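One structure is given below, encoded as structure tokens.
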Amino acid sequence: MESITFGVLTISDTCYHEPAKDRSGRRLMALIGESFDNSQVIAAVLPDERDLIQRELRKWIDRDDVRVIITTGGTGFAPRDVTPEATKPLLDKDCNQLTLAIALTSLKKTKFAALSRGVCGIAGNTLVLNFPGSEKAVVECFEAVRELLPHALHLIGNNVELVARTHAEVQGTAQSEAAVPSLVKRDHVCPHKTGAGDDVDRNSPFPMVPVHQALDTILTVVQRNNESNQEMDQLRSPVNIPPFRASIKDGYAMKSTGFSGTKRVVDCIAAGDKVNEHPLQEDECFKINTGAPVPTHADCVVQVEDTRLLQRDKYGEESLVDILVEPKAGLDIRPIGHDMRKGDKVFPAADYSPVVYKSLLASVGIKQRQRKPKVGIISTGSELLAPHQPAVAGKIYDSNTTMLEELLLYFGFDCRQKLVLGDDLAGIKMSLSALIDTVDFVICTGGVSMGDKDYIKPVLEELNFKLHFGRVNMKPGKPMTFASRGNKYFFGLPGNPVSAFVTFHLFALPAIRWADGWERAKCPLPIINISLLNDAIDLDSRPEYMRASVTSINGKLHASVNGDQISSRLQSIVGADVLIHLPGRTAEKPQAHAGEIYSASVLRYDFISRYE
């Protein structure tokens, strides 16, 4: 039987901020591994926020390989316990008896199990189970469903033969071992050939891992920077905003006890002036601009639109106005510290957008450099020319370093150093060794495939890097490689420009964001559902990520593939709004057709090219 992927989602404000405290999620992952030998597990930790929980669940449900999702936490009576509310809208079918089985098992252990509100159900082809948050409860609930899961998945997948065999086993008409192919049997053989990569076996020695497994590996290996998060959490404002009572409107400051009617204009106050402490009578007012400090003896501002000018003095200045509305105390005044009080948190929540970070610090007068992961870029190939060099026979211009540098800038990160290296083993080793000492991440293009000049993997091994994977089951981007040494990380992207473009977005960018302290759910590109406009597209044997432009038609999103998708054709990124996730070809599904709905990764902020 093929490998089964489980999703384990821990929901806890505490564990989200301190992942080391997540004992329930880790215990659940261990139980799954002990019970089902051919299982894989993806995991995440989220705060008790309904929208975030629902978004992560939906992302996992949309994946073809995730068959079981188990959440732990957020099922109680507390105000922030919202896991069932996040789960229910996503379910196509309720599994009330399964919920009951879990409840009855738990009630045998403790009467407090009655205070859990977890739900179970089916979403698409995925079984979703809500468990409580304690480690003890997780063990009890898992024991209640462990033996039921294989048959449940056979039923959900409409595997008629296996369902019939299970029924026969239950009724005693078949031998148990032959009757039910077990979920725990380790019989999966990877269909993608691997070997020694030598003259005898010229297949790659690296197994071809699924895209989701590659990303999970990366985000497990890369260390998240919690210092920036802690700094933002601890940073307090040294000032009040505003530091004085500020006028919200252009108008007239006065005493609210003076009622409406004629007022003498005694002075004019502009933004930037000091607070005016001049005594003020009830029939007097100050003309005042937006943002200016309200005079000491005024308690309201009436906007210009609610007044009428009656008279100017000999200098042309306003001297008499008619107030047309009844003034009210506090009207159109921002009190001291209204937006932020001295000692308040500058950042109510962690936000790593440079716009947000720098703007908020500027607003309270703090100059502090935002720590960002240091990234270096390498492009390999003796055939490469810099864009400013004259053309040379047999050589091509290098676009990869420019493309990757601009992508880093687009997403808020900087490139510390760029190198273009020839296919020379010693030169690559020396340059990479020097570069890795100065940066946190190296993004390299080329040199990771099976050519006799592809030196990157041997060099990484000589430099004591651990190669976590060397091939990914995807198109384009199969030779994608990820390695690490301590807190240094290496991404070996394929040399073809489009392959580098796709793998940067799917793997390198999420890793850099994670290292920068981002929430895990926000590290990958946002995913939307789109309807295909192309009449028919032949599917590849590997899952494919096609560049496409998006059109909004009557409020619904549709995508058109951008012409020839060969990985060397950089023009396919022109107008590319998304990467459409097309599944691998099967006998039952050889093509994708117009009108079918597919997931798509959003490549840019302005991702809708046309409206119709």
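Every residue number used here counts from 1 along the chain in the order it is shown.
Each residue, glycine too, has its Cβ placed from N, Cα and C.
As recorded in TrEMBL:
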DOMAIN    7-152  domain 'MoaB/Mog'
DOMAIN    376-514  domain 'MoaB/Mog'
DSSP residue counts for the domain 'MoaB/Mog' (7-152), split into helix, strand and coil: 73 helix, 32 strand, 41 coil
Averaged pLDDT, computed only over the residues in the domain 'MoaB/Mog' (376-514): 90
Helix, strand and coil residues within the domain 'MoaB/Mog' (376-514) as assigned by DSSP: 48 helix, 38 strand, 53 coil
